[in-house]
Amino acid sequence: MGGGGRGGRSRTQRKHFQQSRENVWKHPKPPPPSQNGDDNRTWTLFATQNSAFNEYYKEQRILASEEWDTFVEVLRTPLPATFRINSSSQFSADIRSQLENDFVQSLQAEVVEGGEREAIRPLLWYPENLAWHTIFSRMQLRKNQTLERFHEFLKLENEIGNITRQEAVSMFSLSTFLAMINSVSLKWLIAMQVPPLFLDVHSNHYVLDMCAAPGSKTFQLLDIIHQSCKVGSLPDGMVMANDLDVQRCNLLIHQTKRMCTANLIVTNHEAQHFPGCRLNRKHDTMDSDQHISQLLFDRVLCDVPCSGDGTLRKAPDLWRKWNTGMGHGLHSLQVLIALRGASLLKVGGRMVYSTCSMNPIENEAVVAEILRRCGGSVELVDVSHELPQLIRRPGLRGWKVLDKGTWLGSYKDVPKSRRSVVHPSMFPSGRSFQDLFDSSHNVGMQNDINDGDSEDGLQATENSMTNDSTEEVSNFPLERCMRIVPHDQNTGAFFIAVLQKVYPLPAIQGKPKKGTSKKHVKPASLDIEDKEVLQVDSLENTTKEVLEAVSVADLNEIESNIVDLEVRPSVSHEEWNSGDEARETENAETIARMTQGKRKLQIQGKWRGVDPVIFFKDDIIMNSIKAFYGIDEQFPFNGHLISRNNDPNHVKRIYYVSKSVKDVLELNFSVGQQLKIASIGLKMFERQSSREGSSAPCSFRISSEGLPVILPYITKQILHASPVDFKCLLQNRAVRFADFVDTEFGEKAANLKLGCCVVVLGKGNRADLESFQVDESTIAIGGWKGRASLTVMVTETDCQELLERLLVRLDAEHGSSVLVDKQSNNVGDEGEGFEGKTTVTNESS
Ligand SMILES: C[S@@+](CC[C@H](N)C(=O)[O-])C[C@H]1O[C@@H](n2cnc3c(N)ncnc32)[C@H](O)[C@@H]1O
């Protein structure tokens with residue numbers, strides 16, 4: 001099979017979906033320029049001060065005191081811009097080489113004196129020169145001709161899915177703004193997605209992204225899975241991307257569509273209650289070699305909801321809103337999500353816990369609680385040797401809790417009235433009031449006491465100590481956690497901890513027997529799987545109890561703020577009236593409306609509001625498709641096709657899933673459809689909707705998303721075009737058979753059956769074409785063979801991008817003379833209705 005994410009993106013259906021939320025940097029709207037042309041706009045400044053913030057983090061000692069001023073100064077400036085080349089893209093090497101050999105030089109001339117020295121440069125710590133930093137603002141890119149070419153390049157490649165612009169940000173205080181005008185740089189982003197890099201994902205891994213929307217890390221995970229996948233095969237692994245929020249799930253689905261992957265399932269659950277999907281023993285004895293019996297993952301990413309104060313540089317209104325309650329309110333949820341992640345992790349698997357918050361209550365305290373609750377089954381990994389060029393600070397071992405203006409060093413200081421809000425797990429020792437009370441009366445008997453019950457069901461800890469009566473220090477090696485601070489490498493702030501599961505988890509609420517060590521709970525004679533299940537159940541019970549203890553109202557309010565903050569795109573004042581953005585917003589709104597409308601029409605599956613997931617087994621349809629396109633019998637269709645419609649007579653789209661996704665789906669059916677699946681697989685066949693569709697011999701066309709996967713197996717309805725004719729098709733979109741330069745090609749096109757076809761860019765002379773083999777560099781597009789002409793079935797953007805890539809590639813190979821134009825008439829009367837539009841994957845649209 002031809003790769004999915006590998007071997008080229010599909011040529012349509014890739015409209016890049018942008019979030020439509022409010023952009024905080026745009027408030028208030030600046031007044032229009034004055035009549036005389038002077039741009040004397042006055043910028044109303046955001047308050048980038050918050051004394052509570054200063055007091056809090058100074059006291060927590062996240063930095064040396066002498067660094068504070070630099071830290072805050074950087075935090076008040078906008079985040080610079082970066083973009084990442086998607087390594088599984090067919091054109092990743094071409095794009096990197098274009099950056100290295102063309103843009104690095106051509107843009108350098110535009111750097112004015114006194115500014116940064118390098119116009120664009122690769123980020124040293126990111127592997128294989130795949131991540132880049134640029135100093136130019138969008139305004140600069142638009143106004144200057146040399147820069148405009150670069151701007152067009154970035155826009156196009158981002159839309160196509162060949163690069164991802166990670167964060168485009170611009171905030172400016174007046175002084176920063178003036179300084180920037182003088183020094184050339186209203187910068188674009190950095191803050192590459194680091195957490196996925198520490199997951200050490202391999203292409204055969206099952207990866208769970210627990211809180212995945214809007215999907216930038218999911219995209220990166222899929223990119224890694226597809227990266228080393230050869231043409232003719234799909235990766236053995238898969239990504240399960242989950243998010244609680246339906247709207248945000250839709251954003252994620254649109255983001256990841258650019259990846260064209262058959263190895264993704266998007267689900268919509270509370271991460272802390274993510275289903276266990278475990279078969280009963282009596283089922284899995286049947287053919288346990290063939291089928292998975294429990295949904296466990298090799299890698300789990302817990303990029304949890306957080307207060308988000310590491311994103312101050314792109315969300316400046318957070319300066320005003322920030323308060324300690326934001327982190328406190330999320331602590332319990334973060335613990336529960338991470339514990340659920342640990343319980344769904346395979347033994348030997350790796351989990352990354354990450355936040356974009358600096359707060360130890362959301363970070364180190366959560367990690368310490370995971371270690372404590374998992375009783376030695378989960379270890380904190382020392383990753384100091386991984387990504388060595390990424391500057392990071394060690395995690396804290398000691399911190400305090402600030403509640404209602406009072407600093408608390410230990411849970412025993414927490415007034416009774418506040419114990420439903422301030423939890424023992426927020427403190428470095430994690431000790432409850434009872435533990436602390438007992439230990440103060442039983443000096444020297446600490447180990448015995450630790451073996452006993454604690455008031456909240458947590459395992460008492462032996463991994464902590466108090467260094468005086470009020471300040472605690474954790475004995476877990478929390479310095480292995482990483483805090484990335486803005487002034488070290490001009491990023492946002494974030495926190496990462498890498499955990500490894502070394503044994504099955506103990507039953508969390510089980511009472512450890514006296515005298516047994518809690519350091520390592522080895523499976524020994526215990527049944528591992530049963531323990532896992534016990535674990536899952538007990539965690540779920542705990543979830544409810546602990547959640548009840550949290551002020552739910554607070555939590556909801558905080559969460560909704562956070563959702564709001566995290567989703568909004570960041571654009572500068574300059575772009576206030578930008579056409580690009582207006583269009584993007586419009587797109588997002590249209591899609592939101594479409595999705596809402598759809599909900600009403602939906603045929604209900606097991607889950608309310610979600611289309612059913614059905615294995616598609618209609619032999620009559622499939623045989624007609626196979627016969628029409630001459631699809632090789634080797635192509636594994638059996639069990640890999642999905643529809644989202646209960647009524648087999650009205651299936652509009654047929655999706656393709658990888659073997660890994662198929663296995664998960666089979667398990668999901670066996671366990672009573674526990675997974676609420678929002679999106680699955682790759683759209684491969686779509687019912688014709690053109691004027692000629694009804695008279696065409698095959699009622700399904702190949703979707704451009706699915707084309708790269710099935711291409712090596714197609715033997716009919718396929719044409720090989722010379723570079724000149726291929727270019728002519730891209731430029732004119734519809735060409736009469738008689739107008740092709742290569743008359744034989746025109747004849748072959750005329751002899752195809754009416755309907756969908758595939759046009760492959762040939763690589764040389766006719767002899768080469770006969771022995772043609774699909775490989776990683778093969779470029780193919782969907783077409784429509786009409787009565788008198790051939791029409792391309794790709795969007796204008798895709799045509800433009802392909803032309804650009806072709807020019808670069810062919811210029812390098814043959815010199816530009818190879819692409820001599822032959823005048824062709826733009827027929828444009830037959831391909832109507834084929835241009836791909838990104839649509840939600842639900843069937844009943
Ligand atoms: C930090 S954002 C995730 C960002 C994402 N990983 C990315 O890279 O694009 C946190 C996400 O958690 C989701 N969320 C909040 N509470 C959740 C819960 N209980 N279960 C699952 N997801 C949740 C929010 O909707 C939000 O999309």
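Placement of Cβ uses the backbone N, Cα and C atoms for every residue, glycine included.
Note that this is a predicted model, so its numbers are computed, not measured.
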Checklist line | Candidate from ASP236, ASP243, ASP382, ASP403 that TrEMBL assigns to the same S-adenosyl-L-methionine site as CYS211, ALA212, ALA213, PRO214, GLY215, SER216, LYS217, ASP303 | finding: ASP243
Next item on the list: Would you mind giving the whole-number mean pLDDT across the domain 'SAM-dependent MTase RsmB/NOP-type' (71-502)?
Entry: 81
Next item on the list: Measure from the Cβ of CYS356 (active site, nucleophile) and count the other Cβ atoms within 10 Å, all protein chains considered.
Entry: 26
Notebook entry, point to check: Of all the binding-site residues given, namely CYS211, ALA213, GLY215, LYS217, ASP303, which is spatially nearest to CYS356 (active site, nucleophile) at the Cα level?
Noted result: ASP303
Check: Using an 8 Å cut-off from the Cβ centroid of CYS211, ALA212, ALA213, PRO214, GLY215, SER216, LYS217, ASP243, ASP303, can you name the remaining same-chain residues around the S-adenosyl-L-methionine site, in sequence order?
Finding: ASP209, THR218, ALA241, ARG248, LEU252
Item checked: Whole-number Å value of the largest CA-CA distance among CYS211, ALA212, ALA213, PRO214, GLY215, SER216, LYS217, ASP243, ASP303, listed as S-adenosyl-L-methionine-binding -> 13
Check: Per DSSP, LYS217 (S-adenosyl-L-methionine binding site) is which: helix, strand or coil?
Finding: helix
Notebook entry, point to check: Over all shown protein chains, what is the count of other CB atoms within 10 A of the CB belonging to GLY215 (S-adenosyl-L-methionine binding site)?
Noted result: 27
Notebook entry, point to check: Should ASP303 (S-adenosyl-L-methionine binding site) be counted as helix, strand, or coil on the basis of DSSP?
Noted result: strand
